[in-house]
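Here the structure is laid out as structure tokens; the discussion comes afterwards.
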Amino acid sequence: MAASSLEQKLSRLEAKLKQENREARRRIDLNLDISPQRPRPTLQLPLANDGGSRSPSSESSPQHPTPPSRPRHMLGLPSTLFTPRSMESIEIDQKLQEIMKQTGYLTIGGQRYQAEINDLENLGEMGSGTCGQVWKMRFRKTGHIIAVKQMRRSGNKEENKRILMDLDVVLKSHDCPYIVQCFGTFITNTDVFIAMELMGTCAEKLKKRMQGPIPERILGKMTVAIVKALYYLKEKHGVIHRDVKPSNILLDERGQIKLCDFGISGRLVDSKAKTRSAGCAAYMAPERIDPPDPTKPDYDIRADVWSLGISLVELATGQFPYKNCKTDFEVLTKVLQEEPPLLPGHMGFSGDFQSFVKDCLTKDHRKRPKYNKLLEHSFIKHYETLEVDVASWFKDVMAKTESPRTSGVLSQHHLPFFR
């Protein structure tokens, strides 16, 4: 591709990034607006503490509030119009109606409880993202502490699609130990609430806490969990995640490692994704940035394999591999024009780990392995059977390091919707 043509393509992608960022800021502002002019849902959730302090332990969740060191924005790409818009809107409404029939219950520890939103005690905000906010809450009937993702029902088709996709995937994935579990949902006229298991923190925040690399033995167990989660999504539900990155990988003090955030996942048709909407530019595979055949911009699960490879390099080295980039334009250009990142030889990584990452970051997607091949790799086989005390390592890191600071945190006196 000629340089001028490439620059034009990347400039268009960057323009779409900026547009998406404006939309994201608008959605967050909508959620955080506490002015009297905006009607409020009639939710009365008493706060655990009226002192205005945030719960110190509420750090992680299916959403992730701490911004990474370099802004990594959601990239909105042109979508192929294979479904009539009106039919798609009808399908969204039908799926929402189906899910609404299942609301009003929480299933925790194998027990099903009838519940409503007022049965939850708000312990404070855990974070906010493009879709809304996540709250730490206590289920009064049992005392269980859970994470509750709140998303506004704005009427915007794309936002509703994200809500539905996230709901659909987590509700169906109850039998996968490597995907964050959903306890139930509550739907009001203005909001959708998804009750999730409370995890400790995400890999992105762990990297920030440690201010350096995560050990290979931990990344080995993490790789096994994430590859199996992605393989499960593809084989069981025909879904591609499309947003694999450290902030969507959760860990907890029990040593569990799970994948989360399925709002921009896509359905696979003949094993290929037919839409190009959404994704994080920093982890996007070359074939998604610049499709080999622009008239058929299909891609498959190997795009997520690339994202996993970039994530592993970042976590293993403590640095994002495409350094010194001030804009997403620069990152996208480097992904297309430079050789793929590798694990540096001087940091003591095993040959199996280096080989696995190299396979994931094969630039030609046709030669990049799929999940079934990755599961046969000696790196995966080794860490499938090796005993690693992830729980003790996790608790040690959390005890000896400080939580990454977040800006613009609201005190409990200003938690919207829960007065």
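One is the number of the first residue shown, and numbering goes on along the chain from there.
Backbone N, Cα and C atoms are what each Cβ position is placed from, and that goes for glycine too.
Keep in mind the model is a prediction, meaning the values are calculated, not measured.
Residue environment of Gly132 (ATP binding site) contains 26 other Cβ atoms, counted within 10 Å of its Cβ in all protein chains. Sequence annotations record features per position, and here Swiss-Prot assigns ATP binding site to Met126, Gly127, Ser128, Gly129, Thr130, Cys131, Gly132, Gln133, Val134, Lys149.
What Swiss-Prot lists as coiled coil is 2-30, and the listing cites sequence analysis.
Residues or ranges marked as compositional bias 'Low complexity' in Swiss-Prot: 36-63.
On the 0 to 100 pLDDT scale, the model's mean across the domain 'Protein kinase' (120-380) is 89. The domain 'Protein kinase' annotation in Swiss-Prot covers 120-380.
Here Swiss-Prot flags Ala2 as N-acetylalanine.
The phosphothreonine annotation in Swiss-Prot covers Thr275, and the record cites similarity to another entry as its basis.
Swiss-Prot lists 18-77 with the feature region 'Disordered'.
The region 'D Domain' annotation in Swiss-Prot covers 37-57.
For 377-400, the entry in Swiss-Prot reads region 'DVD domain', with the evidence type similarity to another entry. Summarised by DSSP class, the composition of the region 'DVD domain' (377-400) is 19 helix, 0 strand, 5 coil.
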Packing count at Val134 (ATP binding site) (other Cβ atoms within 10 Å of its Cβ): 26
Packing count at Met126 (ATP binding site) (other Cβ atoms within 10 Å of its Cβ): 26
